[in-house]
Amino acid sequence: MQRYDIIRMIGKGGMGEVYLAYDPVCSRKVALKRIREDLSDNELLKKRFLREAKIAADLVHPGVVPVFTICSDSDPVYYTMPYIEGYTLKSLLKSVWQCDSLPKDLAEQTSVGTFLSIFHKICSTVEYVHSRGILHRDLKPDNILLGLFSEVVILDWGAALSKEMQEEVLLDIDIPVTGSMFSNMTIPGKIVGTPDYMAPERLRGTPASESTDIYALGVILYQMLTLSFPYRNKKGKKISFRHQISSPEEIAPHREIPPFLSQVAMKALAADPKVRYASVKELKDDIEQHLQGSPEWTPKTILHTQKAECWKLRESILLSKYFPMLGVSPALWYSLAISKIESFSEVRLEYTLLRKGLEDGFGILLPPSEGVDHGDFYHGYGFWLHIKNSVFSVSLVKNGLEIRKTSRPIKENKEKFFIALEKQNHRLSLIIDHVVWMIHMDYLPGRGGRIGVIIQDVTDVCGNIVVLESSGSLQVSCLAVPDAFLNEKLYDRAITFYRRIAESFPGRKEGYEAQFRIGIALLEKASESGDSEGFTQALGKFEILHNSVAAPLEYLGKALVYQRLGEYNEEVKSLLLALKRYCQCPEISRIRDHIVYRLHETLYSNHRLSLVFMLLALHIAPESINATEEEYFVKNLHGKIQDTLFCNLDLSPIDFRSSKMELLLSYWSGFTPFLPGLFQKYWDLKDYRALADVFYVAADLGNREFLEMYSDLVRENICSTTCTEDIVEFLPHQLEHFFSGVRAISLHEPLEKVFAHIEILDPVLILYLFDLFAKDALIHHRGELILSAITLIEKYVSSQQYYEHLLPCEVLAYLWMKDEKKVYNLLCNNYEESLWLDDRSPAFVLYGCWLALVEDSSLSYLHLSGCREDALYPRALIGGFCSPLGICENQLSYQERRKLLLQKFIFFHCLGMNEERDNCTVAYDLLSIERSL
């Protein structure tokens, strides 16, 4: 100990003494703990003293004081630790015990909220210690140090024990033994710990466990909540094994202890270890839930399924009339019941269903308060639950539209299912057997007011439906009144109250949320009245949020306005700006959640924007797409994958979560902001084949800015690029010649310039150039040049590539030249007649155009209209156009609209409808320039 200058003693325990010392080598104060001199000759006690130091040294956590040095060869043995200024939790509790009134600062220090944050840190430390296989065995306020700078550390590891170790012979209990020289320390043969903090089973001699540490934490929590012990006894007296502990709420009503925290404390203090928390993590999570303001559910009412007085409306309905997308038989009748009570702003419903009821199908709805008597019960949100072939499916419905679905296999012998639905703030969750199956976020004030149930046989509900209410948070309560006005469409009154809240909470979350909802109210009002000025006013209110901590809400609000106006380019632009500018802002999660919602909304309504939102979701929130949804999305994209040149030329399967999928979605949607990121990724990997794919997509979409910027970058770096074995498909300098060909196509230069370096180009690049050239030549009335191009490049590609990619264009060229015999011969010699009738084959449209050229137009329309309507490939879109039902071009993606215009162009040309044909050229060029989503 000669190295240290002892300043003063700061503590004394059973085996050791703690001194404040100065370390001149490190120029710092330390806490030095040494074994008591009168015990230094006891080898067993010395071993225990060093074990305490080694256990603490092995733990690395902010809640454990680290050990600097351990000196086991000195006399006496000692170890050093950082010196933390502060006081024990016991001294703080002692300062307020049995005090009628407290000074303001002490009242704040010992408030329930302050103590909870301390207790959460204690739990975090014990959770870590347990994860390392260590039991403390003597958790109590004496052993918890509160630093002056918010440190919370656990002291005294003398009783600590590895869970793998058995109880030692030398055990201790914190009870003095009169007349013994060891009166303040471990007594051989006794139980380790302090009786007031020991679990009942521990007092009976049961070995220590995580559960006994949890019990000690329960006593500490009880003291923090009530400022008193859960039971009273004098040390040394016999402790009852069966004791009744009063609820903290009853003991200290003046402390305003939330019922939830009382339940937490009582669960930790349960006499039966099986009833206690299974781990410290579970206890900590409950405390964390309260600290974060998460809902704490308490039962409020019960809906008796078979009692008429609980229901405002009960009638039979044909479910298929209101929810046609659920695939329910049109002849099946279901019972609909709408509750008399209105649900709370935050509500949880709990019920148990028989398997039979789920096999028939069960719906739980949150319809609006108004209009339920007039058939509007399907408005708002709800869940449809169904079991078929031991697969449990859950569909989220909104306004009668299925916007999301998930399915999972279940056990064949399972007959009952516990279901819970939670509505909390912007979150709607469905829980099955205590597992979250689906979460949906909606940041607009909810319209749901009542509770609706759809079922075939009410006896399939086991018991009743329990309605639980959450205590909620300040934000929800202060916004509840204007939200209610908004739900009742009293827009002006809602705006008045929102404005008051915004003015009352400047710079705070509540104020920003109120400002956001002012814009929402104006948007709803404008949508209902059709007032264009109202949309402008809503945009203005959202702009007030600019550069605030809630800045992402400005762009979310604007996106909602543009969505309502049908200005989808501006909608997506707003969302992208938010993601780019505020990626670190907490509110950005609302943008991500909205994008995922829009993906489901557009996909299930077959909207062309679904590809854009799928691309956005893959880029920013891939984890939000589960395996079932992924399978559904890939199935929907199958036709597009088949009709994509860079997918056909690369036979490797396309993974949904790959960069290639992002490129595919960019190509079909015409949405190019992610192309620079894909370029950078492939450039870093030196994947020149993938780079060629990116440049082909940019060229096809007419993104000249990207082509010029990044082709120059490639040219500048080609000379310094070292060709290695990794470059397996083609050399980087081939890209330079590809760029020259693309530029020649855009300038309508002669064919020889487009394919000037064909002899050194890889066939993939040749086919990319040909595809770009052929489409440009055909739509601009130069279809005959396609034949010249084929003659030039035919010898550089394989026979299979000729058949798949050149032959269809050769037929198109002869259709343009109206050479009916040549077209017919090419069809007969290269395609079986069965393929002429297969809309998945290129021959289907080519044959239809040949019929338009040589036969009556009605025959060509009849042929083309024979295409399948359920899964129409992009290569056969003209078939949908010719069908009696027609095709909704507004639902087609950017690339589908271009393909349809090309097909209509050659079809009208063959029919001799030159004006309609020329209109297609104008529309094609305009679409390429505007590239509207």
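Cβ atoms are placed via backbone N, Cα and C, with glycine included.
The following features are taken from Swiss-Prot:
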type     : residues                                         : note
ACT_SITE : D138                                             : active site, proton acceptor
BINDING  : I10, G11, K12, G13, G14, M15, G16, E17, V18, K33 : ATP binding site
DOMAIN   : 4-291                                            : domain 'Protein kinase'
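Separation of the C-alpha atoms of D138 (active site, proton acceptor) and G16 (ATP binding site): 16 Å, rounded to the nearest whole number. Scoring each of the binding-site residues (I10, V18) by how many neighbouring Cβ atoms lie within 10 Å, the top position goes to V18. For G14 (ATP binding site), the Cβ neighbour count at a 10 Å cut-off comes to 19, with all displayed protein chains included. According to its DSSP assignment, D138 (active site, proton acceptor) is coil. Neighbour density for D138 (active site, proton acceptor): within 10 A of its CB lie 25 other CB atoms from the protein chains shown. In sequence order, V18 make up the list of same-chain residues 6 or more apart from K12 (ATP binding site) whose Cβ falls under 8 Å from its Cβ.
Cβ neighbours of G16 (ATP binding site) (same chain, under 8 Å, six or more residues apart in sequence): K33, R34, I35, R36, F49, G158. Here the binding residues for ATP are I10, G11, K12, G13, G14, M15, G16, E17, V18, K33. Their largest Cα to Cα distance works out to 15 Å.
In this structure, G14 (ATP binding site) belongs to neither helix nor strand by DSSP; it is coil.
Taken together, the residues of the domain 'Protein kinase' (4-291) have an average pLDDT of 83.
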